[in-house]
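Single-structure report; data block below.
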Amino acid sequence: MEEFDSEDFSTSEEDEDYVPSGGEYSEDDINELVKEDEVDVEEETHIIKGTKRKAERFMPRKRKQGGLSLEEEDEEDAGRESGGSGSEEEDTATEQEEGTESEDARKKKEDELWASFLNDVGPKSKVPPSTPVKTGEETEETSSSNLVKAEEQEKPKETEKVKITKVFDFAGEEVRVTKEVDPTSKEAKSFFKQSEKEKPQPNVPSAVSSLPAGSGLKRSSGMSSLLGKIGAKKQKMSTLEKSKLDWENFKEEEGIAEELAIHNRGKEGYIERKAFLDRVDHRQFEIERDLRLSKMKP
């Protein structure tokens, strides 16, 4: 037994290189071998194709009919370069032409707009030839003359007022009062009517004087004269009116009418205080009235 075992162990190394004959292969072994062969073939084809592509990339020259075509390639490259430069020059020329055309069109538009603006503004800004240019002195003279004319026109408006003289009887004395009023006022109209009535009547014609002395015409004229005297009786003036008249005359003589008016319009003036007290009384009356009305309501 020991010898058999030693022989088996000695022959184990030789079994590694042992290849059985074709009849001893199984179907599985054959399929595996076929697959391995196909994989090896595919790998070889891939390697061959890769080497061909690399060779095509690194080939510096082309062969045409067994000869080198370096000169033809140089000519083609030069033609391409010249064609590229020519196309670039054409592009730049076309761009320049388009730029000049756009500038010309822009200038034309600006000129048209300026011309239309001048047409719109031109006739208004023109100075009429008939009117000469005035200097500063002439303008001052014209302005001063215009002011004088305006003052002259305003003067008659101010002097349109009419002076009225009224005669009053105060304690047997005759008092004359002069006023300046508008001609359209009631006092002026009444004064004009009264003055017309007081005018002397014209002489009676000769035909009337030839009548007998005992006629009724003389009686009528005598009665009218008596009625006129009665109508022309002087109006009486009260003491209050006389004092007021004297105060107005004093203010005019002293020239203090404006100062008194300004003082009276102030807070310390008598008129302003009186108006304030009147407003207070009126307000107090309104408050009392509201209270009475509120109490009367149910």
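Using the three backbone atoms N, Cα and C, a Cβ is placed for every residue, glycine included.
Taken from Swiss-Prot, the feature compositional bias 'Acidic residues' covers 1-18, 25-43, 87-102. Residues or ranges marked as compositional bias 'Basic residues' by Swiss-Prot: 49-65. The compositional bias 'Basic and acidic residues' annotation in Swiss-Prot covers 103-112, 149-159, 179-200. Annotation comment: Swiss-Prot describes 124-134 as compositional bias 'Low complexity'. Among the features that Swiss-Prot reports, SUMO2 cross-link is placed at Lys149, with the record citing similarity to another entry. What Swiss-Prot records for 217-298 is domain 'BCNT-C'. Among the features that Swiss-Prot reports, phosphoserine is placed at Ser82, Ser85, Ser116, Ser215, with the record citing similarity to another entry. What Swiss-Prot records for Lys218 is N6-methyllysine. Annotated region 'Disordered' per Swiss-Prot: 1-159, 179-223, in sequence order. Annotation comment: Swiss-Prot describes 177-216 as region 'Hydrophilic'.
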Compute the average pLDDT of the predicted model within the domain 'BCNT-C' (217-298). 79
Let's see if you can do this one: DSSP helix, strand and coil counts over the compositional bias 'Basic and acidic residues' (179-200), in that order. 13 helix, 3 strand, 6 coil
For Ser116 (phosphoserine), name the DSSP secondary structure in the helix/strand/coil scheme. helix
